[in-house]
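Residues or ranges marked as ATP binding site by TrEMBL: K12, N32, G33, S34, G35, K36, S37, S38, Q137. According to TrEMBL, the feature Zn(2+) binding site maps to C454, C457. The compositional bias 'Basic and acidic residues' annotation in TrEMBL covers 355-365, 414-434, 553-569. As annotated by TrEMBL, compositional bias 'Acidic residues' applies to 366-377. Sequence annotations record features per position, and here TrEMBL assigns compositional bias 'Low complexity' to 884-893. Look at TrEMBL and you will find 404-506 tagged as domain 'Zinc-hook'. The region 'Disordered' annotation in TrEMBL covers 228-250, 355-381, 411-434, 552-574, 871-893.
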Amino acid sequence: MRFTHVSLRNFKPYDDAELDVRDGVTVIHGVNGSGKSSLLEACFFALYGSKALSGTLEDVVTTGEDDAEIELEFVHDGGTYRIERRIRISGERATTAKCVLEGPDGTVEGARDVRRHVASLLRMDAEAFVNCAYVQQGEVNKLINASPAQRQDMIDDLLQLGKLEEYRERAGNARLGVEDVLTSKRSVLEDIESQIAAKEDEDLHARLNALESELAEVDEKLSNYEAQRDKAKSTLDAAQSTLDEHAEKRERLVEVESTIEDLQSKVAADEAQRDKLTEQIHDLDGKLGDLDDEIETALTETDLDDATEASIDARREALAERESEIREELSESRQQAQALATQAERLEERAADLEARAKEKRDAAEADETAADEAAAELESFRKKRTTIESSLEDIDDRFADAPVDRGSAAALLEERRRDRSEARESLAETETELKNARERLAEAEALRDAGKCPECGQAVEGSPHVDAIGDRSAEVESLENERDELESTVEDLDAAVERAERLVEAETRADTLSDRLEHLDERIEDRETTVDSRREAVTEKREAAAELVEEASTKREAATTQTDRAETVESTVEDLEADLDALETRRERLDRVESLVERRDDTVDTQERLREKRETLADVNRERREHLQDRKTRRKELREAVDEDAVESAKKRKQNAAEYLDKVETDVLPQLRDQRDDLQSQIGGVQSDLERLEELRERRDSLAERVGALDSLHDEVSTLESTYGDLRADLRQRNVEVLERMLNETFDLVYANDAYSRIRLDGEYGLTVFQKDGTALEPEQLSGGERALFNLSLRCAIYRLLAEGIDGAAPLPPLILDEPTVFLDDGHVSRLVDLVEDMQTRGVKQILIVSHDNELVGAADDLVRVEKNPTTNRSSVERTDAPDLASALADD
Ligand SMILES: Nc1ncnc2c1ncn2[C@@H]1O[C@H](COP(=O)(O)OP(=O)(O)OP(=O)(O)O)[C@@H](O)[C@H]1O
Ligand SMILES: [Zn+2]
């Protein structure tokens, strides 16, 4: 198997990338993170899908893109294949939107089917692919650190040895299954054999023969009795039909006899009925005569000529006409009477009303008169009061004739007098004070003088000029005392004058009051005078009006009497008319009586007619009945002759005999025989089915015995197969281990010659041991990092070779893929790696893909592929460079 072309879109760091992969060694190089490993992963992913990923499906699609596409073309076993996958991100999740494998045998679709198809094509699943062909970056220690059992599983799986174990287990399971079946079948077989033996002991055939002959005897007896029974049955039937015939005839006879009796009694009854009817008709004739008499009498009470319907109707009409006339007149008269009565009533009311008003007027006149009298009395008293007040006023005026002022100035006079008096009192008070002071000064001077001092300056009197002053001072006192006396009498006079003035003021005030009252009285006098006049006038007017009203009332009363008289006249007319109506009613009643009598007569005639008809009908019916009676009597005669009592007796006897026989045979003999027969038949059936069962058992025994034999030999075969698979696997594994150990040592020599190690041992349990030149053994884990890398590579290459050579025909193995194999190697060992690669090539590995940036490996490449990442877009691209150009490019470096 070889890759030929890979093309990517939006796979991890790539946008659009395409690469033709050629045979030989292809080295992919580029700086860290440029996308080298991703390119290899793309191929692996193309083959196995999500199983090939360490991460999730989403990681595959370039961040920020919706979908990714991977296409891988490869050749395998002479065929060309192409796988196409498309991954789409929808929401958070990525799904495989398309997955198609096109190959020479057709197209496979769907991720699961494609993965299975690839696994069966390459005979390895994703895990086996990684273990065999694809050495991933940093997986140096995977095989070294694995336990021998893991390693064994891994390698067995690669070499498909696991299948053998699987087959062995399947064979073991099959053996156990066969054993289970065998055991159960054997026990069934034993059971059947014992059943057969039991049945054979029963001697079934002899029993069958005996039962069958017994059955034949019973059958014969049965058919004999059945024939006898049939004969008895027909005898019985014949006797029965004779009896039935006679019984029927007798029944008819009875019927006919009862019919005759019935008819006879009906005829008699109807004849009696007819007689009764004749009698009734006769009675009605008498009744009719009576009615005719009554009608005659009633007619004479009316003014009818005859009692016909027409004349009664005509009369009735005339009465009705008259009645309506009277009623009309009556209603008019009643209305008129009513109207007149109402008018009279109204007039009475009006008269009463007028009289009442006249009385009111008279009462009002009375009241007015009383009011006028009262006013006149008051007027008289007011006039008297006026005279009294006038004389009082004249008295007051007389007093003012002597007074110093006129009436009206008294108040001013009083004020003047009081002022004069208070002035006089003030002068008096001043004078008294002056007098007191003068008296004190005199006393002082007299005291000083008595003490010998100057009464004026208080100095010693000798030589004082003022000693004469005492005389002056006593003269002053004297004059002041005179003045005071004068003033005191003035005040007394003025007191009297004030008193007089006060009395004048009093009189003046009284005169004013009297004048006011006088004025007031004058007003009232005038008022009363007016009242007296107007009331007296009103009295006259009202009395006149009352007289008029009384006159009007008497006129109304007269009119009322007239109307009442007229109403009475009309009412008597009404009474006359009512009497007329009563007379009319009596005449109508008489008419009614005639009419009802006529009707009754007509009814009676009808009844008589009906009775006659009924009597006639009855006569007809009886005529018919008599004919029918004659007919029935003839029939009775015939039937009486047809009944034969002897034949009936003999038939009865025969019937009884046959019935007795049948009863015996059918209830006793035949059922017994039938039971016997059924019992025998069922016994025979039982024996027959036993025989059939025996036969069946024998058949089953034979087939079971055959089956048990077959199972025995199958068990032997399966056991052999089981042990064969076990042996084969152990054998193959041993051989593989030997070959793998040889190849491992060859490879190891190639990459690690001249070193301290002599060889590697791979034991039967897949344990690995490294031997040093001095013979000491080492665990592979004890090797250095670089040594471990080489050891791993050797082991991987050896496994690859073992597979390549172990599989027949053209090597279908996938390319050998190494991702960064030189990481732990020093320069010398890199050239060993180059040797190893070349060795693998010479051993027939067609395609080797190596990711490396080691110059020496680059130099060894047949094809060089450069991977670059655009630093601005951060997207990777891939480009093939021819080896020589690169060599020179590297030389420039
Ligand atoms: N889904 C993705 N979308 C975009 N870029 C991705 C995605 N997955 C991985 N990468 C980028 O791809 C690069 C990793 O590629 P890869 O491992 O192939 O590099 P490399 O060349 O093998 O590097 P080294 O030499 O270190 O092994 C990283 O730069 C990573 O950021
Ligand atoms: Zn890498």
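Using the three backbone atoms N, Cα and C, a Cβ is placed for every residue, glycine included.
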If you pair up every Cα among K12, N32, G33, S34, G35, K36, S37, S38, Q137, the residues annotated as binding ATP, what's the maximum separation in angstrom, rounded to an integer?
17
Could you find out if DSSP has C457 (Zn(2+) binding site) as helix, strand or coil?
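Where C457 (Zn(2+) binding site) sits, the three-state DSSP reduction gives coil.
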Report the binding-site residues (S37, Q137, C454) that meet this criterion: Cβ distance to the nearest atom of ligand 2 under 6 Å. Use sequence order and write none if nothing qualifies.
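Among S37, Q137, C454, near ligand 2: S37, Q137.
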Cβ under 6 Å from ligand 1: which of the binding-site residues G33, G35, C454, C457 qualify?
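By the Cβ criterion, which requires under 6 Å to ligand 1, the hits are G33, G35.
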Counting only residues 6 or more past its boundaries, what in the same chain has a CB within less than 8 Å of a CB in the region 'Disordered' (552-574)?
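Long-range Cβ neighbours of the region 'Disordered' (552-574): 330, 333-334, 336-337, 340-341, 343-345, 347-348, 350-352, 354-355, 358.
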How long is the line from the C-alpha of S37 (ATP binding site) to the C-alpha of C457 (Zn(2+) binding site), rounded to the nearest angstrom?
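About 164 Å separates the two Cα atoms.
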Calculate the distance in Å between the alpha carbons (Cα) of K12 (ATP binding site) and C454 (Zn(2+) binding site), and round it to a whole number.
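Between the Cα atoms of K12 (ATP binding site) and C454 (Zn(2+) binding site), the distance comes to 163 Å.
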Take the region 'Disordered' (228-250) and find every residue of the same chain, 6 or more past its ends, with a Cβ under 8 Å from one of its Cβ atoms.
639, 642-644, 647-648, 651-652, 654-655, 657-659, 661-662, 665-666, 670
Which one of these binding-site residues has the most other Cβ atoms within 10 Å of its own Cβ: S37, Q137?
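Its Cβ has the most other Cβ atoms within 10 Å: S37.
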Taking only the binding-site residues G33, G35, Q137, which one has a CA atom nearest to the CA atom of C454 (Zn(2+) binding site)?
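Nearest listed residue in space: G33.
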Highest Cβ count within 10 Å among the binding-site residues C454, C457: which residue is it?
C454
Return the residue, from the listed binding-site residues G33, G35, with the maximum count of other C-beta atoms within 10 angstroms of its C-beta.
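Most Cβ neighbours within 10 Å: G35.
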Averaged over the whole of the domain 'Zinc-hook' (404-506), what is the pLDDT?
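The average pLDDT of the model in the domain 'Zinc-hook' (404-506) works out to 86.
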To the nearest whole angstrom, what is the C-alpha distance linking Q137 (ATP binding site) and C457 (Zn(2+) binding site)?
165
Given the ATP site residues K12, N32, G33, S34, G35, K36, S37, S38, Q137, which other residues of that chain have a Cβ within 8 Å of the mean position of their Cβ atoms, reported in sequence order?
P13, G30, L39, V851, V867, S876
With H, G and I counted as helix, E and B as strand and the rest as coil, say where DSSP puts Q137 (ATP binding site).
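In the DSSP reduction, Q137 (ATP binding site) maps to coil.
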How many Å separate the Cα atoms of G33 (ATP binding site) and C457 (Zn(2+) binding site)?
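Approximately 157 Å lies between the Cα of G33 (ATP binding site) and that of C457 (Zn(2+) binding site).
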